[in-house]
Each structure stands twice: as structure tokens, then as C-alpha cells.
Amino acid sequence: MSIIKATLRRELLIAFRSPGDIINPLMFFVIAVSLFPLGVGADQAFLSEIAPGVVWVTALLAVMLSMDSLFRADYEDGSLEQLLLSPQPLYFIILAKVSSHWLVSGLPLVILAPVFASMLALPEGGMFPLVAGLLIGTPILTLLGAVGMALTVGLSRSGLLLSVLILPLYIPVLVFGTGIVNSALNSIDISGLLALLGAMLVLALCLAPLAIIAALRISVSL
Amino acid sequence: MWQWFFKLSSPKWFYTISGQLMPWLATLTTLLLGVGLVWGLAFTPPDYQMGENYRIAYIHVPSAAIAMGCYYMMACMAAAFLIWRIKMADMIAKACAPVGMTFTALALFTGSVWGIPTWGTWWIWDARLTSTLIMLFLFIGVMALRSAYDSEAAGAKATAVLTLVGVVNVPIITYSVKWWNTLHQGASSLSLSNTAANPPQIWVPAFFVGFGLLGFYLIAIILRTRNEILMRERRTEWVDEILSASKSKGQGLS
């Protein structure tokens, strides 16, 4: 337990000491969402129709772009190697690391999402489903992104490669996330879909850290 | 059984056996493809609804099935490589990616060509089309990751991890896309696997072409794997012997 606390503390401290890493993905989200009305026109009816998809796709891209700060610095200064050598249970260290990353990159997106959804004229009935979906969905995105990041952290040209590896795996989350909002707007019960998304989160929580550990071991031995 | 398993993991044994097997496999494939294609494309009656263009399905259906099977084969090889450190498994997995990608692209291309006269459009966001497209992305990702690594050994392991993460996702992706599709536009009633509606003179040549393409797929995998074996084992004695023997004969490798 104490190792989880210590890792969380360390990661959050590092994150808050370089606020740029926290703010840039959020700014990306804000700017990218604002591009859509400029690109497709400001027709309120049309915007409200595409709002769930736009918010979800930009949130997904923002999470992916924020991944770079997860292992990069630790890899470069060697602390990742020490982490892998430590006698503490690696599964929980990784879980704490990914959770703290979600707290500073995923959670702010969830909080900001309703503001931008209402700017895109999303009807009020879609607000709660959007936030609930993002709250369950963004941790899955962070976990899957961490797998991709762990695989590519040792490579010098990893930016675009990460998106090629990870975006296809994000598709189910996107489908269910936007599906939840659209179902709610068509007054269909969303509890089943939220449960499915929750099941995906549980699966990712169980399996993704194992894949991350395996991938980090490969990257460190390069 | 275990002895056979370990033998198969020896590159030398694989190279020798696949070399002996190749003429048989090639003959069988040529026969199956030749008979099936001529029969299917020239001698089967036209469909009463789709006319002549249903014949595209003779190529389309087997290539889609092989593409999907190829991903699972690649995943099995990746697991074997990660668990037992069998280098042979990685060489086969490496051969699977480009071959599988080509079959996926072939399935998508033939599907589009078939879609124009049948559906009146190159592309619809149907569940099957979409999940096949995503599978193409997965193959591309696997190949991109391997080529990004300079170290052969690290690239092999990383690719294996990614392949296994992908294979956990394949069923989830398939079902999510199916569900998404039914929400948006209703399930497509056009199904090529509806064999009840098709008489034997249509599906028997389909079997020939299907197994012919499967043979072609195996030949492609085996040839690529043999190439990979020669590349990686080029410093061993037995490869040296083969190379010098083929040089003195002035012929290709046998």
C-alpha cells in the first residue's frame, strides 16, 4: 500500500512542478474542439448532432498526445530502470503511475468536457452520459496508451508511431462512449452500456499493467 | 508430440522439411486454384440477382477468412515466442504480418469492386467492412513497430507484446463495431455466408478456390520464413553449406 502512496505522491509532485505537461493536452483539447464549428459551420442543429463524437474524438487524441510525458523523463534519467529493479510489486507501482497520470491528464478533460459540449450545443440530456462515459472511458484510454508508450519509449522517433499502434485499439471505447450519449438522447436506457464500458475498464486494469511491464522491460534492455 | 514440437522450433529442421514439402504444396495449390478459378469464373451459372459480378466473391470470401486467420496465427506465434522463446515462432510471426496485410487489403479491394454494381457504392460503414479496415490498421501497426526497432531481438519481443494486446482487442472491436452499426443503420441483410441459397455448382468451385488460396497463403508464409531463416542463420555452418552448394550449381536455393 505504501508503495502506491509513495509513487502517487512522487508522480503528482513531478507533474505539478512542470505545469506545461498538464496544460498542453488540455489546450490541445480546447483548441481542437473549437476548430470543428469553424470547419463544419455554426449550424446549431448540426453541431448538436456531431457534438458527442467531436468531444470524444478530441478527448481521445488529447489523452494519446499526453502519453509522451508518462515514461519519457523516467526513461531518460534512468529512474525507470531502478523502478523495474526494485523489490516492490511492479504491478502496483505501474498502476499508481498510470493512475496519477490519469489524474493530471484525463480527469481535467472530464471536467472540461461539459463546457465544450454545451458550446457545441449538446442537449442537456446528453451531459451526464457524456461525463459518465468519459469518467469510465478515459482511464481505459490512458491504460492502453501507456502500453503503446511503454513499447515506444526507447525509440527516438516515436510520436507518430504511437498513434498508429494505439488508435485502432481505442475504437471500442470511442464506439461505446459516443453510443452512450446518443442512446441517452434517444431516451434509451444507458446503464447496460455504462456497465459494458466498466467491464472494459476492469479488463484493462487487470491486463494492461502486465503488458506495460513486459513492454518496459524490452524498452529498458535496448 | 513434444518431440515434434521441439523439432519444429529448429530453423534447420523447418528449412529442410519445408523445402521438401514445397513442390507438393505448390503443385496442389496450382491445381486447386487453376480448377477452381476456371470453373468458378467461366463455367458456373450467373446469379439471378447479382448477375456475373457475384464471381468476385470467389476471391473475396477466402481472402477475408485467411486475413482473419492470419492475425490469430500471428498471435499464436507471438505467444509461443514470448512464452518459450522459440525464435522460429517469431520468424513465422514476422512473415505473417505483410502476408496478412496483403490479404486484408485484397479482401477490402475486392469488396469495393463488388460493392459498386451490387450496392452502388465503393464503401459503406458496414460492420464487417469496418472491422476488416481496423484489422488492416492492426497489421500496419505491427509492421510499423517492428521496423522502428533497430535491434532485431527487442523488435521481435515488442511486436509480440503488441500482437497479443491486439488479439485481446480483436473480439471487442468486432462486437463494438457490430453494435455501433446496428445502432446507426441496421444490420445488412446481404450475407455471403448464406450457403443455403447457393446450389452445389456454385459452392464446390468456391471450395477449390478457397483451399487454393489457403495453399497460396501457406506458400507465401513458408517462403518468407525460409528467407528469414537464411538471413538470421547466415553465420551457421549449415546455411553456409546450402549457399555454397547452390552457388557451385549456379541455381537458386532448393
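Glycine too: its Cβ is placed from the backbone N, Cα and C atoms.
Keep in mind it's a predicted model, so treat the numbers as computed, not measured.
In TrEMBL this protein carries:
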DOMAIN    B:19-184  domain 'Cytochrome c assembly protein'
TRANSMEM  B:21-43  transmembrane segment
TRANSMEM  B:63-84  transmembrane segment
TRANSMEM  B:96-117  transmembrane segment
TRANSMEM  B:129-149  transmembrane segment
TRANSMEM  B:161-182  transmembrane segment
TRANSMEM  B:202-223  transmembrane segment
- For the transmembrane segment (B:63-84) and the transmembrane segment (B:21-43), check the count of CB pairs under 8 Å (sequence separation 6 or more) and say whether it reaches 3 or more. no
- Task: Answer yes if the transmembrane segment (B:21-43) and the transmembrane segment (B:129-149) have at least three CB pairs under 8 Å among residue pairs 6 or more apart in sequence, and no otherwise.
- Result: no
- Message: Averaging the per-residue pLDDT over the domain 'Cytochrome c assembly protein' (B:19-184), what integer do you get?
- Response: 87
